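Asks: The structure under discussion is supplied below as structure tokens; questions concerning it will follow.
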Amino acid sequence: MKIINSKQIKEWDQLTIKHQNISSWDLMERAVLKLTENIVNDIPSKAPIIIFCGKGNNGGDGLGVARELEKLGYKTLIYILKSENYSEDNLKNQQLLSSNELHFFNLNEELQLPENSVIIDAIFGIGINQPLDDDWNSIFNQIEKSNPTQIISIDLPSGFIADLPMQKYFPCCKSNKTYTFQVPKLGLLFPENQIYTDEFILLDIGLEQNVSNEFETDYYFIQKNDIQKFLKKISKFSHKGTFGHTLIIGGSLGKIGSIVLTAKAALKTGSGLVTTYTPQCGLNILQTNLIESMSLVDDSEKQIEYFPEIKIYQGVAVGMGMGQHPTTDANFINWIKNQKQPLVIDADALNCLAKQKDCFTLIPQDSVLTPHPKELQRLIGEWENDFEKLEKVKKLAVFHQLTFIIKGFYTAVITSDGKTYFNSTGNWGMATAGSGDTLSGIIASLIGQGYNSSEASILGVYLHGLAGDFAVKKIHPHSLIASNISDFISEAYFYLDSNF
Ligand SMILES: NC(=O)C1=CN([C@@H]2O[C@H](COP(=O)(O)OP(=O)(O)OC[C@H]3O[C@@H](n4cnc5c(N)ncnc54)[C@H](OP(=O)(O)O)[C@@H]3O)[C@@H](O)[C@H]2O)[C@@H](O)CC1
Ligand SMILES: [K+]
């Protein structure tokens, strides 16, 4: 699914009206019904509800929801911003409510807000492209002080600017949930903006799909149907050679577990063969814990000192649990400089690269880098905000023909053609030791199975999150450990594979 900006969404809105031969009012009514249908599931039937409405179409949505909730017997209190220029559909919605239900407010007004209400925030949506005036803080503070049981935003938390970096001092309503129409808004996917809403839910209001090709974008939100399109069909004549041979290079004394996790994930993702390359201390652990894998060992006991020949392997991951011994570091750099085939580079291999000047020039093209935030910072330096972070990474990805995976709640895959794919699966339980090792194993395995680096990264990140989502149906997120993720990759495949 494409992620487009506010201006494009407005164009989409107009094109839908034209192609479907409907009015803007009809479209707003669709939005209102979808919102109401969802909101009633969020609120207890007797809960007092306060709906805050602005003067544009976001306010129109709020007024429409108020009308529908009244019909269902909910008691609502409506506050609407006093204005001279309401949008047409906003006014029409006002007229459908009796005038004594509407409380008009000014920015500097003390409002009488009943405590413990559900607040519906319909003041601003995608119609703002610059920060709100500071006076809005007084309204948002009053909302917060009224101790609402929950705050539900329509389309965006009011004051949130979806396509530009938010600054902490910009006035903005902070909500528990946001129902956003049709497509996610870019800013909602950034970790730094998670303070504005705990979660967002997409509402499909039937914007015309046939015209969505018209909108150019570098951003995508990856869901089940996107993934299903590029899952490879498996021939019945396949054999273990078809599914690739994955090599996992890493481990050091006390950190062999990470190699077990990576290798297990590679096998569970469907690698035909998996070989590990570790220091000698890894041999017994791997042969005991993962009997399906094969082990090669370095001459050294505690850390890798010599790096292997990799030509015979179709997928290669390097760096997990590798440690940062000076000999390992030095030999890793000598080794990587001479590699030609794509690698999945993780953990200590990234830390080692970060110590080198112009480190990206050392990495073979089409490699996949999977840094967590700290590792990314070591590689690319500081960033002012998540927009800037993305831009920095995008430039590097294009210039050096690499794929970057920025891990987070909505993990972003930045490919060598400058596109960014945000992932929609996963949960907080997956923020656990070894989760990243598992991801590297999945991606290396997919490259081994013939996916290119971008496909393997997008699919791998999705599968990893999905396996985690199936895992938390059986295991509490607190108790989820990385090996559980691999145990549920099979469930993820069942869910995606229409042949089963
Ligand atoms: N396309 C869709 O998917 C559909 C969209 N729908 C809904 O429409 C919403 C978009 O509606 P919208 O365009 O009327 O904008 P909205 O967010 O209500 O705000 C506009 C008002 O804000 C004002 N304003 C602007 N900047 C400001 C500032 N910095 N500080 C103060 N004021 C500022 C601006 O005032 P003006 O500058 O024009 O005087 C204007 O009056 C969208 O989010 C969704 O909820 C659905 O109904 C149906 C399908
Ligand atoms: K809003």
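Going from the start of the chain as shown, residues are counted 1 onward.
Yeah, the Cβs are placed from backbone N, Cα and C, and that goes for glycine too.
Automatic prediction, not curation, is the source of TrEMBL annotations.
Here's the feature list from TrEMBL:
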BINDING   57-61, 125-131, ASP155, GLY321, HIS372, ASP437  (6S)-NADPHX binding site
BINDING   ASN58, ASP121, SER158  K(+) binding site
BINDING   LYS407, GLY408, PHE409, TYR410, THR411, GLY436  AMP binding site
DOMAIN    9-213  domain 'YjeF N-terminal'
DOMAIN    223-496  domain 'YjeF C-terminal'
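Can you walk me through where each of these features ends up in the structure?
Replies: Under the three-state DSSP scheme, ASP155 ((6S)-NADPHX binding site) falls in the coil class. Within 10 Å of the Cβ of ASP155 ((6S)-NADPHX binding site) there are 28 other Cβ atoms, across all protein chains.
ASP121 (K(+) binding site) counts 31 other C-beta atoms within 10 Å of its own C-beta, drawing on all protein chains shown.
Around the Cβ of GLY436 (AMP binding site), the same chain contributes MET320, ASP346, ALA347, THR370, HIS372, LYS407, each under 8 angstroms and 6 or more positions distant in sequence.
Mean pLDDT for the domain 'YjeF N-terminal' (9-213) in this predicted model: 94.
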Asks: Indicate the candidate from ILE126, ILE128 with the smallest number of other Cβ atoms within 10 Å of its Cβ, considering only these binding-site residues.
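Replies: Sparsest of the binding-site residues ILE126, ILE128 by Cβ contacts within 10 Å: ILE128.
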Asks: SER158 (K(+) binding site) has how many other Cβ neighbours within 10 Å of its own Cβ?
Replies: 30
Asks: Please list, in sequence order, those binding-site residues from GLY408, TYR410, GLY436 with the Cβ less than 6 Å from ligand 1.
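Replies: None, as no Cβ falls under 6 Å.
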Asks: For ASN57 ((6S)-NADPHX binding site), which residues in the same chain are close in space, meaning a Cβ under 8 Å from its Cβ, but six or more apart along the sequence?
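Replies: SER24, MET28, SER87, ASP89, ASN90, GLY125, GLY127 - these are the non-local Cβ neighbours of ASN57 ((6S)-NADPHX binding site), listed in sequence order.
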Asks: As a test of the contact definition, list every same-chain residue at least 6 positions from PHE409 (AMP binding site) whose Cβ is closer than 8 Å to its Cβ.
Replies: PRO191, GLN194, GLY426, TRP428
Asks: Give the sequence-ordered set of same-chain residues, not counting ASN58, ASP121, SER158, with Cβ within 8 Å of the centre of the Cβ atoms defining the K(+) site.
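Replies: In sequence order, the nearby non-listed residues are PHE52, CYS53, GLY54, GLY59, GLY62, ALA122, ILE123, PHE124, GLY125, SER153, ILE154, ASP155, LEU156, PRO157, GLY159, CYS173.
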Asks: Out of HIS372, LYS407, give me whichever of these binding-site residues has the highest number of other Cβ atoms within 10 Å.
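Replies: Sorting the candidates by Cβ neighbours within 10 Å, the top entry is LYS407.
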